[in-house]
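Written out below as structure tokens is the structure these notes cover.
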Amino acid sequence: MVRAIITNAPNGGVKIENVNINEPEHYEVKLRPVYTGLCGTDRGEVLGNLSFAYNEPGYNYLVLGHEAICQVIEASENPYKIKPGDYVVPVVRRPGKCVNCRIGREDDCSDGDKHEAGITGLHGFMRDYFYDEAKNLVKINDKNMVKVAVLTEPTKNVMKAFEVFDTVSKRSIFQGDDSTNLTKNCLIIGTGSEAFLYAFMAREYRFNVFMTNRHPVGEEKLSIISRINADFYDYTREDPLKGIDLLIDTSGDPGTIFRFVRKMNYNGVVILFGTNGRAPATSIDGEDIDYIIERNISLVGSVDGAKRHYLRAVEYLEKWNYSEGSVINRLITGVFEPEDVSIFTKKPENEIKSVIKWS
């Protein structure tokens, strides 16, 4: 028996209880979570809003959790030098058999036959212990990084998305005539933890960074936005920003997205990351299509990331952890016990990122 936070996918619901999970006869690594992160995907599952989520075969429940920093309890000899006492981040997606999955790019799975821990057919990390293979773990060498390393999983999404941007933006000369992005504007829709991580990375690219939402934000969020030299505006009260070169959406709301697509500069790039199957429909007419075509605007979706993106995420989190007064740590706004399952259905006030402390 193991204590776990579970749902019944795709129907939803959440509870913590002791459950029977078959233990492998042979395993490389036994892990205990230290912190697990909570995000919109977890809440969507609990509310029954993610129709693509499903239980692990053979079980009438699914253990939640795909963001985690864990400590190794036991480990057999392995080529990755993972040993007891190490801190590691487990990779979420597990490969199927398509060509991309076979080369470690399950983030670009060609046929959808992959699994995602805590989401699609594979138990997640919100439990007292679990087993895994060493190849699915990313080691955290700096013990001062343990808490902030819970942000590795969402940060790897950002690394992948900017890699996509690098590829797509090569269709034309994207930079200004000084060969930089210093005169280019990046607008990020949303003010959740993922949006902030996108803002951190956009700043690395030397964009002028803007964050927007349909409502005012609290003083803590405004303070962080200012600290990273970004700007915020409430698009329902202020004139829409014009002249956008890179638009990143974390909301999944089509009406909001197309509000700003119509403000894109020539050769602009739109990265669609947020998902929200319950978002209302929006109207798109021929002029919108003309606008996109005549300006060579690229709209591209980006999901998940490969193991290499986890490694890059750790590098940037280390940099941000030791720079600018460790402002990255301020994204973690609440630490809760596993029994506090109410946070899955009621978002804490002024939340950016809530995490669960397991030990």
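Just so you know, glycine gets a Cβ as well, placed from its N, Cα and C.
Residues near C39 (Zn(2+) binding site) in space but far in sequence (CB under 8 A, at least 6 apart, same chain), listed by position: E67, P154, G192, S193, E194, K353. Sequence annotations record features per position, and here Swiss-Prot assigns Zn(2+) binding site to C39, H66, E67, E153 based on similarity to another entry.
All protein chains included, E116 (substrate binding site) registers 19 other Cβ atoms within 10 Å of its own Cβ. According to Swiss-Prot, the feature substrate binding site maps to T41, E116, E153, N157, D304, an assignment based on similarity to another entry.
G274 (NADP(+) binding site) carries neither a helix nor a strand DSSP state and counts as coil. Every protein chain considered, the tally of other Cβ atoms within 10 Å of the Cβ of G274 (NADP(+) binding site) stands at 20. Annotated NADP(+) binding site per Swiss-Prot: N213, R214, H215, F273, G274, T275, S302, V303, D304, K347, in sequence order.
Among the binding-site residues H66, E153, N213, H215, S302, the ones whose Cα sits within 10 Å of the Cα of T41 (substrate binding site) are H66. Geometry remark: D304 (substrate binding site) versus E153 (Zn(2+) binding site), CA distance 9 Å. Distance between Cα atoms for E153 (Zn(2+) binding site) and N213 (NADP(+) binding site): 23 Å, as a whole number. When the binding-site residues N213, G274, S302 are screened for a C-alpha within 10 angstroms of the C-alpha of N157 (substrate binding site), the residues that qualify, in sequence order, are S302.
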